[in-house]
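Undergrad: Pulled these from Swiss-Prot:
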ACT_SITE  U46  active site
MOD_RES   S31  phosphoserine
MOD_RES   K85  N6-acetyllysine
MOD_RES   K85  N6-succinyllysine
MOD_RES   K111  N6-acetyllysine
MOD_RES   K111  N6-succinyllysine
MOD_RES   K118  N6-acetyllysine
MOD_RES   K145  N6-acetyllysine
MOD_RES   K145  N6-succinyllysine
MOD_RES   S194  phosphoserine
SITE      U46  site 'Subject to oxidation and hydroselenide loss to dehydroalanine'
Amino acid sequence: MCAARMAAAAQSVYSFSAHPLAGGEPVNLGSLRGKVLLIENVASLUGTTVRDYTQMNELQERLGPRALVVLGFPCNQFGHQENAKNEEILNSLKYVRPGGGFEPNFMLFQKCEVNGAKASPLFAFLREALPPPSDDPTALMTDPKFITWCPVCRNDVSWSFEKFLVGPDGVPVRRYSRRFPTIDIEPDIQALLSKGSGGA
């Protein structure tokens, strides 16, 4: 089934799976039922790589015990800022950017496309469920030379490090632009975690 048809048929992220960056069996997102998910398309050479990767680690470390799961999906569609091979990405993060021995403590998956005909079915679904980022409803890729995919849609991801927050029922709740710092999503995450635990 093509990505668009899979996305149209889905009611939650639990319909999708993804291949871990380290290899092995695909992770069925249904196995994360009951967790709050923060999903980001990431890149090793973006201007916000250091900020967002370190903040993703921070949120996973502090809120993971309360049922937050951070998921990163490397993508090379924006300025070719993830041009490493899958097997090179962890070393790039460790030694280049963020560097200093950095290791992600959250799940990273194999490179995928998030826009266009070859978009990951998960991202096609997320874009349909949450068309504009909540903090920047007019966010668009505005420089034609950077548009490397087809077809171009109004709900396309506009750059690396867009964020999608998914509730414990697997339904997307909110989308944030690349300009929105990952750490600033914490109040929304805390609200979902409290709701999921009955307000405890």
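Using N, Cα and C of the backbone, Cβ positions are placed for all residues, glycine too.
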Undergrad: Do you know offhand how many angstrom separate S31 (phosphoserine) and K111 (N6-acetyllysine) by C-alpha?
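TA: With the alpha carbons as reference points, the distance is 21 Å.
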Undergrad: Give me the CA-CA distance between K85 (N6-acetyllysine) and S194 (phosphoserine), in Å, as a whole number.
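TA: Cα-Cα distance, K85 (N6-acetyllysine) to S194 (phosphoserine): 39 Å.
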Undergrad: Does DSSP put S31 (phosphoserine) in a helix, in a strand, or in coil?
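TA: Assignment for S31 (phosphoserine) reads helix.
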Undergrad: Let me make sure I understand the structure: which of the modified residues listed (K85, K111, K118, K145) has the fewest other Cβ atoms within 10 A of its Cβ?
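TA: With the modified residues K85, K111, K118, K145, fewest surrounding Cβ atoms within 10 Å: K145.
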Undergrad: Between the recorded positions U46, K111, K118, S194, which lies closest to K145 (N6-acetyllysine), Cα to Cα?
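TA: Spatially nearest to K145 (N6-acetyllysine) by Cα position is U46.
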Undergrad: Reported as an integer number of Å, what is the Cα distance between K118 (N6-acetyllysine) and K111 (N6-acetyllysine)?
TA: 12
Undergrad: Applying a 10 Å Cβ distance cut-off over all chains shown, what neighbour count does S31 (phosphoserine) have?
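TA: A count of 10.
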Undergrad: Rounded to a whole angstrom, what is the C-alpha distance between S194 (phosphoserine) and U46 (active site)?
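TA: Counting only the Cα atoms, the answer is 33 Å.
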Undergrad: How long is the line from the C-alpha of K111 (N6-acetyllysine) to the C-alpha of U46 (active site), rounded to the nearest angstrom?
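TA: Approximately 15 Å lies between the Cα of K111 (N6-acetyllysine) and that of U46 (active site).
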